[in-house]
Amino acid sequence: MKAIEWRNNRLIILDQTLLPLEEKYLELNDYHAVAEAIKTLRIRGAPSIGVAAAYGIALGALSIETRYCSEFLPLYQQISAEIASTRPTAKNLFMAVERMDHVVASGTDVLQVKISLVDEALKIHREEEEASRKISTFGADLIQPGWTVLTHCNAGPLATAGYGTALGVIIAAHQQNKGISAFATETRPLLQGARLTALELKEAGVPFKLITDSMAGHFMKKGVINAVVVGADRIARNGDTANKIGTYSLAVLALAHGIPFYVAAPSSTFDKSIESGNDIVIEERKPEEITYLRGQRIAPENIDVANPAFDVTPANLIAAFITENGIIRRGE
């Protein structure tokens with residue numbers, strides 16, 4: 001399965017909302033469709049969102065029918081703003097938008113700017129692929145033979161437009177014949193762990209167990225989990241980390257049981273512009289994601305629902321960050 005591909009000036013994505021029941025690829029021909037795909041999680045995972053955002057902007061720019069910079073620029077700004085507004089938490093999205101904006105700001109010829117935007121999007125994609133490969137290699141060195149590693153949500157190839165970050169670490173350790181196994185949390189409310197991580201672990205041949213989110217503490221107490229590895233959507237300058245809701249709970253549980261808690265993420269996820277997790281905007285998603293399951297209501301009508309998509313794990317709970325540049329341990 002390939003999450004995202006640029007082909008003949010069209011963006012091809014795998015609709016992740018349908019997995020694992022249906023493998024369906026969508027051809028996105030305009031930036032509005034890309035924006036909608038990001039909002040509705042057809043493409044998801046911070047690195048993949050960044051790549052999709054870059055391609056979406058390139059698609060939009062290619063559709064602008066003018067050769068005059070004075071006419072091109074305001075139309076481009078509308079495109080960039082719409083893509084940037086899709087999801088507020090993932091740093092990779094804003095990194096991609098900033099890089100594409102810089103290409104436009106540096107250009108003087110509309111045709112050349114369009115070519116350069118496509119080139120920049122392809123470059124961002126290549127960089128994310130290479131980063132996840134290196135993260136997987138560095139992270140595998142932390143995993144000891146025979147360990148069982150717990151992961152949360154989905155940070156594999158589907159989420160990263162490459163090899164995977166947290167899940168890439170687990171898969172790489174397995175491929176090194178370390179005899180490891182995994183626990184995957186189902187990840188309510190949208191079940192990315194059950195639908196996507198379980199699928200990727202199965203395809204990679206990694207022995208694993210799927211568990212509900214609330215079972216993690218039980219298995220930590222039993223002593224069968226040796227490490228936790230998760231991905232990230234945004235990391236503040238002090239190391240506070242935003243990731244899928246439930247990550248903070250796992251970090252607290254890991255600390256209570258003396259289990260190392262690792263965050264695997266590319267440098268594009270680190271946000272040096274914010275001091276701490278208090279500055280990270282947490283996306284609030286629609287209540288129907290909790291009150292409905294596969295189109296069927298599972299909760300009473302007319303009730304209040306809170307549905308934050310992410311939480312923030314304080315840096316002091318994180319043993320180390322696994323990046324494409326190596327391991328950054330707590331306090332470094």
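Quick reminder: no glycine exception, Cβ is built from N, Cα and C everywhere.
So that you can see what the record holds, here are the features copied from Swiss-Prot:
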- Arg44, Gly45, Ala46, Arg87, Gln192, Asn243, Lys244: substrate binding site (BINDING)
- Cys153: site 'Transition state stabilizer' (SITE)
- Asp233: active site, proton donor (ACT_SITE)
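Feature map: Swiss-Prot annotations on the structure.
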residue : record                             : Cβ within 10 Å
Arg44   : substrate binding site             : 23
Gly45   : substrate binding site             : 31
Ala46   : substrate binding site             : 29
Arg87   : substrate binding site             : 22
Cys153  : site 'Transition state stabilizer' : 30
Gln192  : substrate binding site             : 27
Asp233  : active site, proton donor          : 31
Asn243  : substrate binding site             : 29
Lys244  : substrate binding site             : 26
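Annotation note: Asn243 (substrate binding site) sits in a strand segment as assigned by DSSP.
In this structure, the C-alpha atom of Cys153 (site 'Transition state stabilizer') lies 7 angstrom from that of Lys244 (substrate binding site). Within 10 Å of Asp233 (active site, proton donor), as judged by C-alpha distances, the binding-site residues found are Gly45; the full candidate list was Gly45, Arg87, Gln192.
Those residues of the chain, other than Arg44, Gly45, Ala46, Arg87, Gln192, Asn243, Lys244, with a C-beta within 8 angstroms of the mean position of the substrate site C-beta atoms are Ile49, Ala90, Cys153, Asn154, Ala155, Ala159, Gly231, Asp233, Ala309, Phe310. Under the three-state DSSP scheme, Asp233 (active site, proton donor) falls in the coil class. Pairwise Cα distances among Arg44, Gly45, Ala46, Arg87, Gln192, Asn243, Lys244, which the record gives as the binders of substrate, peak at 17 Å. According to DSSP, Gly45 (substrate binding site) is assigned to coil rather than to any helix or strand.
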